[in-house]
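Notes follow once the structure below has been shown.
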Amino acid sequence: MPTTPLLLAALAALAALAVAAYPSCSPGPDPSGKCQRLASTHSATCVDLHLRTCADAAYNHTSFPTPLEHRSWEAVEASPEYTLLGVLHFLLEGQCNPDLRLLGCSVLAPRCQGGHTQRPCRRVCEGLREACQPAFDAIDMAWPYFLDCTQYFAPEEEGCYDPLEQLRGELDVEEALPSGLPPTFIRFAHHSYAQMVRVLKRTAARCSQVAKTYSIGRSFEGKDLVVIEFSSRPGQHELMEPEVKLIGNIHGNEVAGREILIYLAQYLCSEYLLGNPRIQRLLNTTRIHLLPSMNPDGYEVAAAEGAGYNGWTSGRQNAQNLDLNRNFPDLTSEYYRLASTRGVRTDHIPISQYYWWGKVAPETKAIMKWIQTIPFVLSASLHGGDLVVSYPFDFSKHPHEEKMFSPTPDEKMFKLLARAYADVHPMMMDRSENRCGGNFLKRGSIINGADWYSFTGGMSDFNYLHTNCFEITVELGCVKFPPEEALYGLWQHNKEPLLNFLEMVHRGIKGVVTDKYGKPVKNARILVKGIRHDVTTAPDGDYWRLLPPGSHIVIAQAPGYSKVMKRVTIPLRMKRAGRVDFILQPLGTGPKNFLPGPSRALPRSLDPQGAPAQLDFEPPRARRQPASGSKPWWWAYFTSLSPHKPRWLLKY
């Protein structure tokens, strides 16, 4: 055939690529002619480890050349293997991270100690491959060659080390607990980062049918932002099941929320297994995401000062000295500008390109990508330093930015959400003179954020103006870093408010928007007359609209369809969302019958330095499988690596 020379040339090129991609035999071929396994240890010159992706490895020194024959930091950082480690948490939706990343680091930057390099243990690799292979299969990605458990990892008898020992570290206190403790036992103590990750992973393993952990990104110093999720089908969005998140430790020195969310995770797991009907109903009808520590780097600084320290600033910022609750895009100023113009939408406001010119923390980026990926309905951010629940807006509409009551269009609903927490909190309702934060008692321990003090760049305002999510801020107490003996009391005071708040996600209405053929309509608008704030449908056409009791006129519309209007009545004591579906009819050739609004959909301005724009932060499992001969969706992450693209990740 005429193409035979071309095929031979292509095969030769692929063979050359394979030789370049895989390290040579070490120390040499055995008598049978096969490649001998790498030695478990060998002499080397140890150098300091300088890889940001591997900054949280359990060792500080490595050596060159590496098992992949990289001979400099530049070669490692330019390699597709290193690029893969940096994006694994996005590709796998946080599954198996940071475990897989640290396993990869043990090959790309081998441990060097006392003039000898050491190989990681094969059993660790095999255990991770068994657990994580389904995650790779789900996105049609081959298992990375450099994580070959036979070639790059050593058996126990040859001497090896556990590359995940950092995750298993600092467990002496947990392991020393007496055996035979009841499954409901919770240790009310402060948790280091390693202990926190371990507790979350243990909890997810214990309740694997309803829980899993994942990472949404990494802090500036490389710590994974670990989330534990609870759902009847963990890892996937279910039709009309609302999504809710709780975030702690956005300020590193405000630690009560961090610990309370660790306790809450254990409580939900234990009570579910014990058959608590309230918890089982909650987990079977709600997808709950708990992020105990948004600022683990700041926590380390605060923890070094010790519990009880109340200096108000030590560890507050992240490692870049950025206040994360002032680091989000200021969409509130844009809202005030748009609100003065009739017929212009004031919801789902895009992020200005100017925002990316400033200093944006990796923790902030991780949160923004997270809430653009999952259709969150409700959220709370847990803080410390006072005893009050505040709600948006946090930025004042006063022309001189002074504190001033600045309500959102959903003022009534936000007050209901805030009261759902405060009204069942014993200390927030305490009328004694010794009560912390007593100046809020006359307000019912709730306040509009801007009426308290005004600031821009807050996370709550961003949630409301950029997405469908309603977020409140909970100040848990006047001591930012309470001593351990106070933690049990804090948990008891906040357990019922947290559960009551989580259940509030089932207030209002929910439903599905479809066309006349039953096909879901994505990004349809759900409008409520008298409330100038729309929500949009998720990819499956489902929506949730938090609403206070009363009568409402609800409208659904989408480009190319006629609008549909319905009147709904929400009873005062109704504790579950009413079902309101819409079937949209396609428009004819006449004038388009839309409600007043912008002439085009608001664009979503993405981080120009972040993930490829075509991915749009959708969950990997939502991607279509590639057509025959085309590349999978995740290939876009590696397009800049030509000619060294990781073709070894392709299955076909």
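From the backbone N, Cα and C atoms, a Cβ is placed for every residue, glycine too.
According to Swiss-Prot, the disulfide bond annotation covers CYS46-CYS112 (among others). Of all Cβ atoms in the protein chains displayed, 22 besides its own lie within 10 Å of the Cβ of CYS112 (disulfide bond).
Residues or ranges marked as disulfide bond in Swiss-Prot: CYS54-CYS105 (among others). On its own chain, CYS54 (disulfide bond) has LEU85, ARG101, LEU102, CYS105, LEU108, ALA109, GLY222 as residues at least 6 apart in sequence with a Cβ closer than 8 Å to its own Cβ. Annotation note: CYS54 (disulfide bond) sits in a helical segment as assigned by DSSP.
Taken from Swiss-Prot, the feature N-linked glycosylation site applies to ASN60 (among others), supported by sequence analysis. Listed in sequence order, the residues of the same chain lying 6 or more apart from ASN60 (N-linked glycosylation site) and placing their CB within less than 8 Å of its CB are ASP48, LEU49. Classification of ASN60 (N-linked glycosylation site) by DSSP places it in coil, neither helical nor stranded.
Look at CYS132 (disulfide bond): DSSP puts it in a helix. What Swiss-Prot lists as disulfide bond is CYS96-CYS132 (among others), and the listing cites sequence analysis.
Around the Cβ of CYS160 (disulfide bond), 21 further Cβ atoms fall within 10 Å across all displayed protein chains. The disulfide bond annotation in Swiss-Prot covers CYS121-CYS160 (among others).
Among the features that Swiss-Prot reports, disulfide bond is placed at CYS125-CYS149 (among others), with the record citing sequence analysis. Taking Cβ-Cβ distances under 8 Å and a sequence separation of 6 or more, the neighbours of CYS149 (disulfide bond) in its chain are ARG122, CYS125, GLU126, ARG129. In the three-state DSSP scheme, CYS149 (disulfide bond) falls into the coil class.
The domain 'Peptidase M14' annotation in Swiss-Prot covers 189-505.
Feature annotation from Swiss-Prot assigns N-linked glycosylation site to ASN284 (among others); the stated evidence is sequence analysis. Under 8 Å, Cβ to Cβ, and six or more positions away along its own chain, ASN284 (N-linked glycosylation site) finds SER232.
As annotated by Swiss-Prot, region 'Disordered' applies to 594-628.
Cα of CYS121 (disulfide bond) to Cα of CYS96 (disulfide bond): a distance of 17 Å. Closest to CYS160 (disulfide bond) by Cα-Cα distance, out of the disulfide-bonded residues CYS46, CYS96, CYS132, is CYS46. With a 10 A radius on its CB, CYS105 (disulfide bond) counts 26 other CB atoms from all the protein chains. Between the alpha carbons (Cα) of CYS112 (disulfide bond) and CYS96 (disulfide bond) lies a span of roughly 25 Å. Annotation note: CYS112 (disulfide bond) sits in a strand segment as assigned by DSSP.
Each residue contributes its Cα atom, and for CYS46 (disulfide bond) and CYS132 (disulfide bond) these two points are 32 Å apart.
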